[in-house]
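Copied from Swiss-Prot, the annotated features are:
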type	residues	note
ACT_SITE	Lys162	active site, charge relay system
ACT_SITE	Glu252	active site, proton acceptor
ACT_SITE	Cys286	active site, nucleophile
ACT_SITE	Glu464	active site, charge relay system
BINDING	Gly150, Ala151, Trp152, Lys176, Pro177, Ser178, Glu179, Gly230, Ile231, Ala232, Ser233, Gly254, Cys286, Glu387	NAD(+) binding site
BINDING	Leu246, Lys457, Gly460	K(+) 2 binding site
MOD_RES	Cys286	cysteine sulfenic acid (-SOH)
Amino acid sequence: MSRYGLQKLYINGAYTDSTSGDTFDAVNPANGECIAQLQAANAQDVDKAVAAAKQGQPVWAAMTAMERSRILRRAVDILRDRNDELAAIETADTGKPLSETRSVDIVTGADVLEYYAGLIPALEGQQIPLRGSAFVYTRREPLGVVAGIGAWNYPLQIALWKSAPALAAGNAMIFKPSEVTSLTALKLAGIYTEAGLPAGVFNVLTGSGDQVGQMLTEHPGIAKVSFTGGIASGKKVMANAAGSTLKDVTMELGGKSPLIIFADADLDKAADIAMMANFYSSGQVCTNGTRVFVPQALQAAFEQKIVERVKRIHIGDPSDERTNFGPLVSFQHRDSVMRYIDSGKREGATLLIGGYSLTEGALAHGAYVAPTVFTHCRDDMQIVREEIFGPVMSILSYQSEEEVIRRANDTEYGLAAGVVTQDLNRAHRVIHQLQAGICWINTWGESAPEMPVGGYKHSGVGRENGISTLEHYTQIKSIQVELGSFNSVF
């Protein structure tokens, strides 16, 4: 018997057997252990979930703003009470260190839910005077039933980032977590029901993106799809959503973000920022600053500071409190990252440290790749052009501000960017020229609930978090009122 046993779908306020009875395994990437069996949804299950959502959504939307706010706030309290329990599940499912999941993943997800719970009463329309006898008023109304499709790197946090604004606006959601890391989304569904969310308002369907995800994006009963994942999958989701019923979409896709260090920067601070921008969550963060641009004159000194810091990383069992760097999410992904590392070696980048998977000792049975740093990289190298989604830093040298801005923008991606400098005039001047939706000055990675996040170019469509996201989960109804007489031309 696996640690977490058989996991069912969540439809209409209850854990429910899938129609097909098919299952797939959840595997702990730290040791290869099967920790759960998950049921796979099929077309009949999708129809059931949509029907339940259509029934529950009007009940939810009819509640007062304060009633909805209180229910979501209760869910926040439950999440915080069960923080350690959920963190342990997340660590077993993703391989992320417990020190990370316990302090970040559940905490920040709950923060976003609390933020939107507080915004519900602020969802207001406008009153627009036309003339003495006439005016227009607007209402922000929910879209109805929306779908969320999550990625594997922040399973619970992403489920909350998508469900919080959707539910706050009065919608129902059908959420499909990544088939690689599905466990905590199923726990979240039960928490929502326990908090008082009406049956059918939040459903979870587990299974593959090619099957369950595609069925959701094409289903005529769904009004919007919010997707987090890679560019190729995002384009497919967007095409299916538009080709079926002109669904609205939000896309949070990949990145190959530049981190620019200027000559006046504190090099120790710059090295610390570069480490967090590359090796947090074992490098599996879409906003990571994996293209690190350093002035040519400072390159050697910067490299030395990076190598010193990489040597201090504690790679180990994710359940060990001392560990701050765990395995990659799966053995398949480990092999993908290693192919990129091999490509960097072949194309002539200089390997400073790392560059191998751990195949001996206590961690040999896990999907571990050592933190890896390449230098003397070129813009045309595969490791510089493509998103690796792993612990691989590429250091590139530059000589002028104009040059580094041009090179930083020379990518199909536009998710994030950052600068490290003591000159705030330069910081703002450069940031305003970088083609990226999320930018940091003298820091990296923090995404507060109040901060809209999303990408330029191929890195996304729409935004998550912040007040503006509520606009993406509502539609405006305009009503004109005439208080005086009406004159017909007929």
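Any Cβ shown, glycine's included, is placed from N, Cα and C.
Shown on the structure are the features that Swiss-Prot records.
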residue	record	contacts (Cβ under 8 Å, 6+ apart)
Trp152	NAD(+) binding site	Thr94, Ser178, Val180, Thr181, Val329, Ser330
Lys162	active site, charge relay system	Gly148, Gly150, Met173, Phe175, Ser226, Thr228, Glu464
Glu179	NAD(+) binding site	Phe24, Leu38, Thr206, Gly207, Ser208, Gly209
Ile231	NAD(+) binding site	Leu253, Gly254, Glu412, His458, Ser459
Ser233	NAD(+) binding site	Gly209, Phe227
Glu252	active site, proton acceptor	Ser226, Phe227, Thr228, Cys286, Val453, Gly454, Gly455, Gly460, Glu464
Lys457	K(+) 2 binding site	Thr411, Glu412, Tyr413, Gly414, Gln435
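A helical conformation is recorded for Ser233 (NAD(+) binding site) in the three-state DSSP classification.
Here the CA atom of Leu246 (K(+) 2 binding site) lies 23 Å from the CA atom of Pro177 (NAD(+) binding site).
Cβ environment of Leu246 (K(+) 2 binding site): no same-chain residue six or more positions apart lies under 8 Å away.
DSSP assigns Glu252 (active site, proton acceptor) to a strand in the three-state reduction. Reduced to three states, the DSSP call for Trp152 (NAD(+) binding site) is coil. Neighbour density for Glu464 (active site, charge relay system): within 10 A of its CB lie 25 other CB atoms from the protein chains shown.
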